[in-house]
Amino acid sequence: MNTIGKSFRITAWGESHGKALGAVVDGCPSNLPLTGEDIQKELNRRRPGYSLFSTPRKEGDKVEILSGIFEGKTTGTPISAIVYNTNQKSKDYSHLKNTPRPGHADLSYKLKYGNYDYRGGGRSSGRTTIGHTIGGAIAKKLLDYTHNIKIIGYTTKIGNIEGDFNYYNSIENNEKMINEELINKIENNPLRCPSSNADEMKDFVLNAMENKNSVGGVIELIALNVPVGVGNPIFGKLNGELSNAIMNINAVKGVEIGRGFESAELLGSEMNDEYYYDENNNIKLKTNNCGGVLGGISCGAPLVIRVAVKPTPSISAVQSTINIENKTTENLEIGGRHDPIIVPRVIPVLESMVAIALSDLMIRGGFIHPCKL
């Protein structure tokens, strides 16, 4: 499927070396103030060729809105947006037609579909997340406009190097941790990492590049101001919908909510979040080990999500593969232009998937009117 969502639906389309990529967003209520710039600023955060640690393939990724906006506001009809490819070098991939790249989707696509566009990974390329980002930009605007929901992501780990900044290290100030100073620090760092040891992580990536290799990492996502009651108790749980949306990104290999796998090591007395009333008689959690979700439903605390991102599979080192046509084993040396690490560029995509899942659940749950704002 190329569509995600039930009430707020995103259909992403296009291939890495095709003419264009884009998305159709259906189910966005009318009267939401929205311009091309709202989408462009998110696309700019994920576009390639503008960082030491991204692919040299330089693309402007200029978005054009084709429908669904009138006089600066949504109309409630499908919003269609397109981004044209301008810097393809398809000849770099001609030798890969019958030799699937280890770690890529080449083999599974070839065996499932037979005829597929292998250039630059085709439909499985990270470039196809342009559609996700278009949908996410609209979802972010909807959540912010209706409920002041803020979503932010940042790198907490590169390879085996753990950063010293994460939500649980900052729990005393968790309600105020997302601010302009932090956002600027993240966005001005090539790894989108606010930790004090980010330079050590940079050196780790540079060393991998020198050795014709790639690295992965861990990203933390925080969503503030999510109201109580989003999600369902059995199927359609908030944590289930978030995990599903995030795991639909090719590079993602794992998702944790709150303390995640660490919770298996804790005692019940350590894991349980005790309650109290604040000065305004609002129910609060003393801790937030649950990551903002109890029984599949938001509890008013910040959503805390961690995502494991694998190393970029395209590496310059020689690897062993097969030739599907000749039925032989051979060595493969991948050319083309590739990211040594995808972690910083995938952050806006992951933020988008969180926003899309939340928007869909909140429309379905009555928090956002499905027709007009």
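Yeah, the Cβs are placed from backbone N, Cα and C, and that goes for glycine too.
Taken from Swiss-Prot, the feature NADP(+) binding site applies to R46, supported by sequence analysis. All protein chains considered, the CB of R46 (NADP(+) binding site) has 23 other CB atoms within 10 Å. Under DSSP, R46 (NADP(+) binding site) is assigned to a helix (H, G or I) in the three-state scheme.
Sequence-distant contacts (6 or more apart, same chain, Cβ under 8 Å) of R123 (FMN binding site) comprise G14, E15, S16, Y109, Y116, D117. If you look up Swiss-Prot, you'll see R123, S124, S125, N250, A251, G295, K310, P311, T312, P313, S314, R337 marked as FMN binding site, on the strength of sequence analysis.
Between the binding-site residues A251, K310, T312, the minimum number of other C-beta atoms within 10 Å of a residue's C-beta occurs at K310. Reported as a whole number, the C-alpha separation between A251 (FMN binding site) and R46 (NADP(+) binding site) equals 14 Å. You'll find the Cα of S125 (FMN binding site) roughly 13 Å from the Cα of R46 (NADP(+) binding site).
Between T312 (FMN binding site) and R46 (NADP(+) binding site), the C-alpha separation comes to 15 Å.
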